[in-house]
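Data block below; observations after.
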Amino acid sequence: MKKLTALFNLPELKNDIELHNMVLDSRKVKAGDLFVAIKGHQVDGNQFIDSALHSGASAVVSETELSSEHLTVEFIGNVPVVKYHQLARHLSSLADVFYDSPSKNLTLVGVTGTNGKTTISQLLAQWAELLGHRAAVMGTIGNGLFRQIVEAKNTTGSAVEIQSSLSTFKHAGADFTSIEVSSHGLAQHRVEALHFKAAIFTNLTRDHLDYHQSMENYAAAKKRLFTELDTQIKVINADDEIGYQWLTELPDAIAVSMNADFKVGSHQWMKAINIHYHFKGADITFESSWGNGVLHSPLIGAFNVSNLLLVMTTLLSFGYPLENLLATAKSLKGVCGRMEMIQYPNKPTVIVDYAHTPDALEKALIAAREHCQGELWCIFGCGGDRDRGKRPLMAQIAEQFAEKIIVTKDNPRTEPQSQIEADIVAGFKNMEKVGIIPDRAQAIQFAIESAVENDVILIAGKGHEHYQIIGSEVVHFSDQEIALDFLK
């Protein structure tokens, strides 16, 4: 329970209005809640104030475009409506007060970058548990205490959802939380009032340009986590061009590299000296500001070496002994839908991965190649109603790194599948090794029945998702389930 006057110390407000929850969706309002009416990109919450009042809201905070109306109060019946200028920008701070600053009582790590956020946030929570913590995670796969994750709608939830979830985690006994921080979440100030013990930057490649319009805007949104928010420790991938540039501007940041020739400067640092890849993962010989050693990784692919080094560096910066981390690393498990290997005797190996950008697809194919003795197959599509510019680029990547390619459905949404396919096909130089099978299950079936034992089939784009969005309908679909059916 929180008194309304704890949020707004205004003379018009009585001291006896107690609130249960902050709620953005009028359909979820219950008696005693504070309804937050924000002007969103598609819907204006002010249109639903009457609905919220009908459901029993005890108070409303309403976004106004007029600065002169800021913190003025009007009443609808006995219910106060507090006008708030630039409410969306300040909502994280209001929710922080409402939920008693939960991030101050947690070790909170934010992870941002185009690729690797999910793997890193899941590994952080998993490793924290191995070190004796009660960990929680928020991101693409879902939110919740580790191993009790509930599916999420967005990578980074609303400002209210984030603070509310962190409060729930804290009261459930969590003392460590990792959170994926998307560029949308940063640009829209959804994580503004969080207190980060550390933030990790993975990489920056083309994605979300339908929203950000330019790579410069996209990079600027990501950078806010390291320059404008309350972030104590900054861990940055020095092998990324943008990351390397940021390191020159952030003298207190920690540099992480897979390059043995990386020149160590004034930063704290971690670098791989030698990497031996094998079918069960990789053995990483490293040097660092905290000592040297060999890290045995259970994850496949070069990019997962980078992911794991970023995670270990973060934990070292918190003061965990190197020997404890090396001992517990052997117990780490892979992440659902992230280079997830499915194998049956005498059948081709199937790898399911979430790769849905040109850079992620390239990294996934290179990683799959390391485990392929025969031909490498690539099954992929592109989401509808999203950045069309990346479609031919993904075709070029597939053609460069795979012997056999099948173009299929991803989540076409409301865009004609034929248009998506045409955009992809425009990127191929030669169609000889390309097949188009729109039905995704049939595409997977064809590849598994056509490939031989030493071949590897990468099914890219959906990863952990167990649905397809076709038109406005969401239908059940799992790459893993389909692959298992045809491998048996």
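For all residues, glycine too, the Cβ spot is worked out from N, Cα and C.
Some features that Swiss-Prot has for this protein:
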type    : residues                                               : note
BINDING : GLY113, THR114, ASN115, GLY116, LYS117, THR118, THR119 : ATP binding site
MOD_RES : LYS222                                                 : N6-carboxylysine
BINDING : ARG386, ASP410, ASN411, PRO412, ARG413, GLY461, GLU465 : meso-2,6-diaminopimelate binding site
MOTIF   : 410-413                                                : motif 'Meso-diaminopimelate recognition motif'
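Where Swiss-Prot records a feature, it is marked here on the structure.
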residue	record	CB count, 10 Å
THR114	ATP binding site	21
ASN115	ATP binding site	25
GLY116	ATP binding site	26
LYS117	ATP binding site	25
THR118	ATP binding site	23
LYS222	N6-carboxylysine	25
ARG386	meso-2,6-diaminopimelate binding site	20
ASP410	meso-2,6-diaminopimelate binding site	22
PRO412	meso-2,6-diaminopimelate binding site	22
GLU465	meso-2,6-diaminopimelate binding site	18
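For the meso-2,6-diaminopimelate site, the Cβ centre of ARG386, ASP410, ASN411, PRO412, ARG413, GLY461, GLU465 serves as reference, and the other residues of the chain with Cβ at most 8 Å from it are HIS356, GLY381, CYS382, GLY383, GLY384, LYS409, LYS462, GLN468, ILE469. A gap of 16 Å separates the Cα atoms of GLU465 (meso-2,6-diaminopimelate binding site) and ASN115 (ATP binding site). Of the chain residues outside the ATP site list GLY113, THR114, ASN115, GLY116, LYS117, THR118, THR119, VAL111, ILE120, GLU180, THR202, ASN203, ASN307 have their Cβ within 8 Å of the site's Cβ mean position. Broken down by DSSP into helix, strand and coil, the motif 'Meso-diaminopimelate recognition motif' (410-413) contains 0 helix, 1 strand, 3 coil. Reported as a whole number, the C-alpha separation between ASP410 (meso-2,6-diaminopimelate binding site) and THR114 (ATP binding site) equals 19 Å. For GLY113 (ATP binding site), the count of additional Cβ atoms within 10 Å of its Cβ stands at 27 [all protein chains shown].
Comparing the Cα of ARG413 (meso-2,6-diaminopimelate binding site) with the Cα of every entry in THR114, THR119, LYS222, these being the recorded positions, the smallest distance points to THR114.
Separation of the C-alpha atoms of ARG386 (meso-2,6-diaminopimelate binding site) and GLY113 (ATP binding site): 19 Å, rounded to the nearest whole number.
The shortest Cα-Cα distance between THR119 (ATP binding site) and any of the recorded positions LYS222, ASN411, PRO412, GLY461 is the one to GLY461.
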